[in-house]
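Engineer: The structure that follows is given in the form of structure tokens.
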Amino acid sequence: MNSSLTYSHESFTRWISSIISPIILLGCAIGNIISFIVLLQPRLRRQTTSIYLAILCVAEIGTCYTGLLRQFLLDAFNLDIRRINSFTCRTHIYLTYIFLRLAPLLLALVTLQRYLYVTHRAICSLKSTCIQLFCIFLFVFLAESHLFIFYELTYPDIRPRSDYIPFECTVDEIRYKIYYKFRSRIYPKLAFVAYTIVPLTVIIVGNVLLVRTVRQASDRSRSKSKKKRSVTKMLYAVSILYTVLTSPASIFLAIAPTSYQLAPAFRLQWTLLRLLFYLCHSVNFLLFCASGTFFRQEFVSFINSNCGFRINWRHNEHRAGDIGGISKFEEETLHHSIQYKNPSEYSFAKIEKQNSKLNGASTENPVDL
């Protein structure tokens, strides 16, 4: 009965993973590549926030294509790239956790940077951005280096040793007793605090403070309440989506004992939570399009200039300055980039428009904001 139940869980788990994983991988690749290209367009790449988000797209592609791709190959084709040799074992698991740790830290850094910039408590320059990104990369590379050092192809740590049991990419419990205890008891909880609790706290608290700042600024400028509500909904949507999709898998790993990995239901539960986790890393493009007018405009401009067809954006041009479709930090950071470089250009354009009206001609604004 137990063997039949185990086989049923395993078959159903493989079936789910084989169907859903390719969809997430394809969405992750297409969405993040497009987002990366659009964020580096001339109008957006001048802003430091776009640099953070572009790097975040790369980190999320790496997260899906090191973690989810391996699991898909394992479930669909019974191919585990970590079992080729010890070098591929330690290299793959090292890269997997590097990308896995970079994503939440970058997202927290974007939130913190955005709040400090909007409240005028810090000046965000290209130099400071590069320094911050370098510090995060260095921290993650060093913090996860133990995986590259101690992991190898060896006997499984959750099954009795036998000549009939194949090697797995794990830690040798006998050779590295002290590190094995650290990896099994301390590291999961430490990682949960450092890469889940702290980033989520920064994201949620930072967005709450940012919403309050936006509301105060809106009250001073007597903006429409509709605009304030849309900004509030957008900021909370980003935080809630990340929290809902990533927290369950992290909590599950932190509280589930090692012995539970042998239970029949473990693999099914972990597969569903893992797919939910990776789904969060494949929806960047949708979030950017839903929350940023400038991003949508740059995306349409990119499509129009590189494809054989054009997308009509004219019906939304009147909303380009409406904060209802743009987040507050985008309005603040992009404000200077859409101004006239020479004040005389505006005066000249205004005079020309007045002259054309006097002559009975119907003209359009010569500068498209």
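Note: Cβ is positioned from N, Cα and C throughout, glycine not excepted.
According to TrEMBL, the protein has these features:
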type     : residues : note
TRANSMEM : 15-39    : transmembrane segment
DOMAIN   : 31-288   : domain 'G-protein coupled receptors family 1 profile'
TRANSMEM : 51-73    : transmembrane segment
TRANSMEM : 93-112   : transmembrane segment
TRANSMEM : 133-151  : transmembrane segment
TRANSMEM : 192-214  : transmembrane segment
TRANSMEM : 235-255  : transmembrane segment
TRANSMEM : 275-295  : transmembrane segment
Engineer: Report, as numbers and ranges, which residues of the same chain sit near the transmembrane segment (15-39): CB under 8 Å and 6 or more residues beyond its ends.
Structural biologist: 45, 50-51, 53-54, 57-58, 60-61, 64-65, 68-69, 71-72, 75-76, 268, 271-272, 275, 278-279, 281-286, 288, 295, 298-299, 302
Engineer: Could you pull out which residues elsewhere in the chain have a CB under 8 Å from any CB of the transmembrane segment (133-151), counting only those six or more residues past its ends?
Structural biologist: 51-52, 55, 89-91, 93-94, 97-98, 101-102, 105-106, 109, 169-171, 176, 179, 183, 194
Engineer: For the domain 'G-protein coupled receptors family 1 profile' (31-288), what's the model's average pLDDT?
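Structural biologist: Mean pLDDT across the domain 'G-protein coupled receptors family 1 profile' (31-288) comes out at 83.
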